[in-house]
Amino acid sequence: MEFTAAASSLSLSSTLSLPTPKIVSRCSQLHGCFRFFSASIPIFTKFKTSPSISTKSLKLRLFVVRNSSSITAKPSSELRKKRSDSEQDVKLRALRELFSKPGIGIDAYIIPSQDAHQSEFIAECYMRRAFISGFTGSAGTAVVTKDKAALWTDGRYFLQAEKQLSSSWILMRAGNMGVPTTSEWLNDILAPGCRVGIDPQFLFSSDAAEELKDAISKNNHEVVYLYDINLVDEVWKESRPKPPSKPVRVHDIKYAGVDVATKLSSLRSELKDAGASAIVISMLDEIAWLLNLRGNDVPHSPVMYAYLIVEMDGAKLFIDNSKVNLEVMGYLKNAGIELRPYESILSEIESLAMQGVHLWLDISSVNAAIVNTYKSACDKYFRSIGNKIKDNPSSNGQSGGPAGIWRTSPIYTAKAVKNQAELEGMRDSHLRDAAALAQFWAWLEEEIQKDVVLTEVEVADKLLEFRSKQAGFIDTSFDTISGSGPNGAIIHYKPEPGSCSIVDAKTLFLLDSGAQYIDGTTDVTRTVHFGEPSAWEKECFTRVLQGHIALDRAVFPENTPGFVLDAFARSSLWKIGLDYRHGTGHGVGAALNVHEGPQSISFRFGNMTPLQKGMIVSNEPGYYEDHAFGIRIENLLHVEESDTPNRFGGIVYLGFEKLTFVPIQAKLVDLSLLSVAEVDWLNNYHSQVWEKVSPLVDGSARQWLWNSTRPLIKV
């Protein structure tokens, strides 16, 4: 599943139309980046590299592909089916009526995608942007003024947004030539001196709120922090879903690899080195990884809504106690972790400041409410002792009084480098997943040959049925992208009952899916044709395959950032003037989020995070013809040391180990375009697929696997 640089929200002010987007360095503020090796040495060990740019900042901004006047999407009005817009109009009218209420007084309101933890996938009760706009994609920002409503999203979602937005909304195709950013648009359409409202309490990270404030101040606009009210919630009212309250579970040490005591000890060493006495952790997967806990609060991601404060002599987990059973409570007590109510996080932040704590805060992910609360409490502290706090955001000193330490969370990178137990879990879960996919593809091919009418939703449901029978299955890792024909060109397409297409033998079918298992996370895409593909479809597929092979075979020096490898995957497409509107690879968690940073493989060359041994990335080049078809081939890869005959400069060279073992459809391959080496790669891959997966299947699935892995011969 492609993810644009881990972007769960859109930039509020960075200039998206520029080929080189603005990046805020976070690892450059560190005295090094951090990595995780094993329990035998410190978990949070610095990279042997110069400071680099963490892609965590990319979560704050949407980065899109290079601009091309030849790549355009038709206006929504040309494609949208006629439908009633009354429901969306009622919501917008109700929202705008609140603008003039006492204590509000705004001219525009910004509705981001994220929850209080900057998550990609969020609980239904926090899907405010989807509620107000009708657009359900995971990335997007809505802006409503007194007479206009606009939504920004990236190239993965252009076609989906065209379908879902009513005529009351303007679709802003972020990254296309001439498309303004949200702040540019507000500066352009609002008269000078207007007031732009946001919910600063939790929906904006601290630096995103500051970035917005700076951007719109150029036209004398003012950001209004509406602390006590969320306007969308006021419109949503009683129909808003309740917050999740599902139980938390302990993630077994045989899958986690390192116990919580060792992880906390290593983290505290980092705190000491940084001059901090406590750290606030708000990213849900970071909390889950650090504490070896898993939850069920968020669809597709085994995490729980919580905050964590780690101090030198203890830790506090802020969570709804109803989610914590006696087993987990005992586990946390043994680890020295106290439970606190989820809602009490701000009062605890105030208390830490008044105690003079030097607090580590990752302002790229920690929400503005926490950061502002700490800053205000620091001011109060110094006023109480008769001194005025100096505005020194980089203060790391241990002199008297509280001080904020603004650095990337060390857990962010440590989590990305898997230990041996995590890697084994990923390998094992991928083989079980491959068995489920073999059963599924055998079933689907047979049904299509029998002319059984199947919708995209029915196909996705059947895949879930096969996966759910595998040992350790928990959930899907994202909504299955089951796209037939033109729907395959919608990069993050989600079929809906009653409006989806039929899967047939006449068109290409793209299936991007994944699963959460107790020991690992999977993400795999295959594109197939059940009839006779056209010569053009075969050429496009083969060029995507060539890019996939080139990246898979890459060998590169350690400390190489992912953007260096991106051209490997695009080169064959570029030769005939084709490209795709998304990154080539994203990080993947071990029994955690299907998208994680800081690593990525993308043309977005601002991300200087080196690929490190133990990281996992996807390899998923593609090609999409709007309203025609989509092609994507995706495997997950483990970064490993490569046994090269030479080591120029005395450094290690790296390559990739395959984790995904699912056949690539030979029917779609134009052998005349492949080199002998590329044919050998495909044959060797299919030989491995048969060897590893055939013992796990029988009957028609085994026969399908045999048929799908026969060697190809280039004449």
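All positions are counted from 1 along the displayed chain.
Each residue, glycine too, has its Cβ placed from N, Cα and C.
These come from TrEMBL:
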DOMAIN    94-219  domain 'Creatinase N-terminal'
DOMAIN    424-641  domain 'Peptidase M24'
DOMAIN    653-712  domain 'Peptidase M24 C-terminal'
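Per DSSP, the secondary structure of the domain 'Creatinase N-terminal' (94-219) breaks down as 44 helix, 23 strand, 59 coil. Mean pLDDT for the domain 'Peptidase M24 C-terminal' (653-712) in the predicted structure: 98. The DSSP breakdown of the domain 'Peptidase M24 C-terminal' (653-712) into helical (H, G, I), extended (E, B) and coil residues amounts to 37 helix, 6 strand, 17 coil.
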